[in-house]
Amino acid sequence: MAPTGPEVGIDSKGSWSDTRGACSEDTTGRLADPTHRTGCGHRPLEHLCLSVDSWWADVNYFLSIMPFLAAAEAGILGISPDDVIFLPPPKDQKRFCSDVSSCHASFPEAMKNWNEFYQNEIDELRNEMDEMRDTFFEEDACQLQEMRHELERANKNCRILQYRLRKAERKRLRYAQTGEIDGELLRSLEQDLKVAKDVSVRLHHELENVEEKRTTTEDENEKLRQQLIEVEIAKQALQNELEKMKEEDNEDLKCQLQFVKEEAALMRKKMAKIDKEKDRFEHELQKYRSFYGDLDGPLPKGEAGGPPSTREAELKLRLRLVEEEANILGRKIVELEVENRGLKAELDDLRGDDFSNGSANPLLREQSESLSELRQHLQLVEDETELLRRNVADLEEQNKRVTAELNKYKFKSSSGAGHDSSARLHDSAKSEALQEELKAARLQINELSGKVMQLQYENRDIRSEAERLGKTIDRLIADTSTIITEARVYVANRDLFGLLDDEDDGSRIREHELLYRINAQMKAFRKELQAFIDRLEVPKASDDRDAEEPISRHRMSGTELLWPGMVATERKMHFVRRSHRVHFMKRGRPGVLYPLENPWQYSSMHGF
């Protein structure tokens, strides 16, 4: 079924059928006449035709006649639409139109659409023609411009050639008349011939060089090609080796994985065994607690349980450790006192030299002020040392008193071993009192240790201040030497030109003497200050040795004892005490060590 529309203008009809649907052997595509009145088929005895009464005839008419009339009206065919008249079929002439006016009257929409279609096509063709004409004009203009330039160049060349031709003609006529040869022309030709020969020789040499280079390049290319082949072969061999190594590594990894699995199985067995041992140890610990019992008051972890003899041994050991700490602090205080006395003497000497040289050189006032500040600081250090000495003396007395109490406690414990539980409670109270006294003594020792370290830091500050003064004096010595050198140059220049008189000569001598004296005094002061710094360096080594000594860690039978608030190791360690924790540095790695909750807590002997 064909569609209807303004281009067709008729309805579909169903009275005619396609022969392809009725007869399979027919392939004409024509419509059959069911009345069998027509005989216009292409095959004999077949009623196949395109009848004027068929729907297909109407479609062909409206798809050919109306577009043709619309094209004539649009001016595409180049004929007048009034000259075109079609003869409609005899049947039903009202359904057909024969010219443009009748088609507009009968089918206005279809004719309007066809006219718009052709008008759009004409507009598009006109635009394309305009574009092609513009392009053609532009190309023609460019070609014309190029031809004009070429013509101008050709005219110039022609004029030059005409001039040369006339000149050559004149020369030829003159030679024909006189029979003389133009010497200038001959010389120019000879020169041109010589230049041509030189150029040919040079080109020949260049050609030979290029040929040699080409040969060399071909040889190099051949070598590079061979090397490339060798590299490819080596690459392939390396890839094969790499794959082989990967396979071997995979096999090794598989073997290692198998070993790891076996070790894991063994470790699981060991863990099961360790769990059993842990249960056994816990059971033994429970039996131990049930056998010995617990004390009435909470004790530290290091003193939880045990007979009185064990507690006495621990107290005795701790007392000995406290005495060792006191001895170490006493030695340090003595060394610091000696060091401070030496520093005081050096500062007094430097101050005396400074006052003696102050009238001669006003440039040393700044150094004298710095030395006076150092002297005051040293006086404060001495006062602090005296206070520490008194504290150590008090601590020694307290240690003696604690020792006496401990001996008394030992005597009572050995004599009263068969007393009842009340005596044991009394002894435990005394042991707690002794523990409190030991704790107080160790706290004092920690305070004294902090003060000793503070004194060491102050000594380091004094040493840095002395080094700064040394640098300042070196700079002053260099400036004075520069002034003396400039004065020498200035005086030598004035002597050279004879500009000095006797009075200037005397003043010059005095100035030289004064500058030399100032320079000598500053150098002597620098030597004394350097000796002072060298003396300051000696305690630094002793401080390092003291820092390496164990201050609050003591090895005893596979364990180590950490005093509260103080951390020290056998290695050199810088630390700063704070209220809740101690920050320390070991081999450039910072860390934090928190203080022990229990003052007498034991830990495993592995270091930090």
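Glycine is no exception: its Cβ is also placed from the backbone N, Cα and C atoms.
Those TrEMBL annotations? Automatic predictions, nothing curated.
When the ranges 58-114, 115-171, 457-513, 514-570 are checked against TrEMBL, the one recorded as coiled coil is 115-171. Feature region 'Disordered', per TrEMBL, maps to range 411-430 of the set 271-290, 291-310, 351-370, 411-430. The average pLDDT computed over the domain 'SOGA coiled-coil' (249-343) stands at 71.
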